[in-house]
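**Student:** Starting off with a structure, shown below.
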C-alpha cells in the first residue's frame, strides 16, 4: 500500500488526471441514467468535486479541499489558478471580437453594478446581524463581492480577524453556489448568448464561480463571462477600501 | 508544430498577466486587474492575424485547442480543491450575504443584457460539440 501511495504522490498531477477522468465518467453515466441528459455531465462532476472538497476539508482541516490529502495533491496543481487561467484564455480561441465589442458597454456597466450591488447587499446583511461599524460592514460587503476582495478590504481598514474570516466565507458561498446554480437559473435570466454571458460575468465577478457555472451551462459562453469577471476582483479591491469604506464612514461612522 | 500553439497561448497569458499586474500597481491594489481578459484579447487578435497570413496551421492550432478542451476537467479539479468546509462553516450571516449578492446580481442580468438591443441565443450544440463537452 505504501508503495502505491508513494507512486501516486510523486506523480500527483498524473493521478489528478485519472481522478478527474473517473469523476467525469461517473458523472456522464449519472447524467444519462438519472437525469436523461437534462443535467449536463460536467454540472454533476462539478457538484461531485465540491462534495469531495467538503469531505477533504473536514478530514484534514486544511483550506484546499481534496488537495490537502497527500495523494490528491495533484488536484491543487491541475485546478490551481495558473492552469485554470491558461485554459480559460485558450477557450477564447476563435471567439468573435465583434461580439465583445457589441457587448462592451453592457459589460462595463455590469461590472460596476455587480460590485456596488454586492457591497450594498453584503453590508446590509452585516448590519442586520449586528455588525454596524463601518469597518465590519465594508469588509463583509467586500466579501460578498469575492473572497479575495473581502480580506483585502478588511486588512486595509483594520477589521477584526473574525470579520475577515466571515467575509471569506461569504465569498466562498457565493462562488460555490454560482458554480452549481448557474445552469439552473440560466433559462430564467436569458443566459444563452455572449452578451448576457458578459453581463453575468461582470455581475457575479467570482472567476472560479463563473468559470465553473458557465462550463456547466454551455462551454461556448465561458470566454465571454470570464472576460468581464477577470476585471471584477481588481476593481473591487480598488473600490472596497476606498470609496465604499468612506461612504460607510460618512453614513454610519 | 503543436508546441508553437502552446507557446503562443502561454506568451499571450504572460503578457496579459503582466498588463493586469501593472494596472494593479498603478491603481495601488494588490490584485491583478483584468489579466485574463487582456490575454484573451491578445490571443484572439494575434491568432486572427497569423491565420490570415497562413502562419497558424492546423498542428499549431491543436496546441491551443488541446488546452481549451481541458478546460472543463480543470474546472472540476478546481471544484474539488475549493474550501467548501469553511464556506459552510461560516454560519448563516456569511451564507445570507453571499447568496443575497448572488441573487441581486442574477436579477440584473436580463436588465443589463438589454442594453444595446437584444441578442440572439446561441444555436443548439451540434452532436460533435456535445461529445466534446
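If you go along the chain as it appears here, the first residue is 1 and each next one adds 1.
Glycine is treated like the rest: Cβ placed from N, Cα and C.
So TrEMBL lists these for the protein:
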{"type": "DOMAIN", "residues": "A:5-249", "note": "domain 'Malonate/sodium symporter MadM subunit N-terminal'"}
{"type": "TRANSMEM", "residues": "A:12-30", "note": "transmembrane segment"}
{"type": "TRANSMEM", "residues": "A:39-57", "note": "transmembrane segment"}
{"type": "TRANSMEM", "residues": "A:69-95", "note": "transmembrane segment"}
{"type": "TRANSMEM", "residues": "A:107-131", "note": "transmembrane segment"}
{"type": "TRANSMEM", "residues": "A:137-157", "note": "transmembrane segment"}
{"type": "TRANSMEM", "residues": "A:164-185", "note": "transmembrane segment"}
{"type": "TRANSMEM", "residues": "A:197-217", "note": "transmembrane segment"}
{"type": "TRANSMEM", "residues": "A:229-252", "note": "transmembrane segment"}
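So where do these features actually land, and what's packed around them?
**Tutor:** For the transmembrane segment (A:12-30), same-chain residues at least 6 beyond its ends with a Cβ under 8 Å from one of its own Cβ atoms are 41-42, 44-45, 48-49, 71-75, 77-79.
Here the transmembrane segment (A:69-95) has Cβ contacts under 8 Å with residues 5, 8-9, 11-17, 19-20, 56, 59-60, 208, 211, 219, 222-224, 226-227 of the same chain, all six or more residues outside its ends.
Within its own chain, the transmembrane segment (A:107-131) has Cβ neighbours under 8 Å at 100, 137-145, 163, 167, 170, 198-205, 227-228, 231-232, 235-236, 239-240, 244, 248, 252, counting only residues six or more beyond its boundaries.
Residues 39-40, 43, 46-47, 50, 122, 139-140, 142-151, 153-155, 191, 200, 204, 206, 208-210, 212-214, 216-217 of the same chain lie 6 or more positions beyond the ends of the transmembrane segment (A:164-185) yet place their CB under 8 Å from a CB of it.
Counting residues 6+ beyond its ends, the transmembrane segment (A:197-217) has Cβ neighbours under 8 Å at 40, 42-43, 46, 84, 88, 100, 103, 106-111, 113-115, 117-118, 145-147, 171, 174-183, 186, 189, 191, 224-233, 236 in the same chain.
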